[in-house]
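For reference, the structure is listed below as structure tokens.
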Amino acid sequence: MTRTSPTLPVIILGAGMVGLTLAQALKKAGIPYEVYERDSAADTEKGRGWALTVHWALNALEECLPAELFNRLEEIQVDPTLDDSRRFCFLDLSTAIPKYVIPPSKRLRVNRRLLGNLLGEGLDINYNKTLSSFHVSPETPDSVTVTFTDGTSTTGCLLVGTDGRNSKTRRLLLGEEAGALNPLPVRSIGTTITMTPEQFAPIREIDPLLFQGSHPETGVYMWFSLVSSPTINGSKDTPNPFYEGQLIQSWLYKSEKDAVPETDADRLALFKNNAQHFQRRLREAIETLPEDSKVLHIKLVDWVPVDWDNRGGRVTLAGDAAHAMTSYRGEAFNHGVADAAMLSRNIIAAWTNPGMTGGIADAPDSPIVSKRAKIAREARDARARAKLSEIAV
């Protein structure tokens, strides 16, 4: 923002976790913002599945959020009864014995749907708004105009694309080829498992929250994490309390025989077949998956960031739009929060410091590009190393 356009808002495209975090930071600082989301409110909430871990970015998230929201994060943990400063285990799936243990550190494993709802509290979000184009005019270089497919438009001092891994903002910024996602030679499927306390007990013995591992002979990788517990899913005081977990498997794609089946039934059969040689507790948990289970084909892709033309400092990217990465390191959300914190600091500095003659245009993209490029490559390599070595989470 320059001094000639002090009231133009920051335009945030995408009401995902990172976009909402940035919006909260700007609102907290009294800086005008507008959030636009492609999907409807109902579809946006429906798309927030499973859970995520906030670890090294906890301080950055606290910086972005008002205290009353940050203090409620512990309430939306997948199991608020746990002190989540536990170790993180990478198992030999044939024995369920840890091969590698990452030391305990402060972290919060939170339900994604509840986190999205919390981050959206008090924000004005414009739904059903799909990006068509953006334009920075030579006549008005201190602003950017965004046009949507419904024919409406808006003008702001900065456009931040937080529209996910398949970001339209990124593809418009760099072109379709340079902005396209990179498919990886790995196949992955995932499902939700619902368990009674008795069914969950054997898994809880391994770890009550999350673990991952690989089988030394088949190379099949598996991730388990708790998604909800009776305390947060409303079943605590009912006759049938239950736990929900997230199960993901992946394997290297070498030929067509490694392809993911087309139907839920066939994917479920493959999920169970892959677990045949897992340690008994893991195998039996997977064998109990009901025949009508929905098993998702998770398409693993990434995008390693490169320098982009930020249109004179008026257009930038954050979160998955800036550095789509695989989930093996468990860091994507944390890097997105770090992006939001860094951008909000720069925006606040430009907004409050008349000495920054370029205003928002002075805010650098380089930390996002250089550091996140390294991390995206490491996340890509983590799956290839999973069979033999530790994954640093």
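Placement of Cβ uses the backbone N, Cα and C atoms for every residue, glycine included.
The secondary structure of Y221 (active site), as reduced to three states from DSSP, is extended strand. What Swiss-Prot records for Y221 is active site.
Swiss-Prot lists E37, R107, D320 with the feature FAD binding site.
As annotated by Swiss-Prot, N-linked glycosylation site applies to N128 (among others), with the evidence given as sequence analysis. Taking Cβ-Cβ distances under 8 Å and a sequence separation of 6 or more, the neighbours of N128 (N-linked glycosylation site) in its chain are E37, R38, D39, S40, D150.
What Swiss-Prot lists as N-linked glycosylation site is N233 (among others). Under DSSP, N233 (N-linked glycosylation site) is assigned to a helix (H, G or I) in the three-state scheme.
For 1-23, the entry in Swiss-Prot reads signal peptide, with the evidence type sequence analysis.
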Among E37, N233, D320, the one of these recorded positions whose Cβ has the fewest neighbouring Cβ atoms within 10 Å: N233
Nearest of the recorded positions (R107, Y221, D320) to N233 (N-linked glycosylation site), judged by Cα-Cα distance: R107
Distance from R107 (FAD binding site) back to Y221 (active site), taken between C-alpha atoms, in Å: 23
Maximal Cα-Cα distance (Å) across residues annotated as binding FAD, namely E37, R107, D320: 29
For D320 (FAD binding site): DSSP state (helix, strand, coil): helix
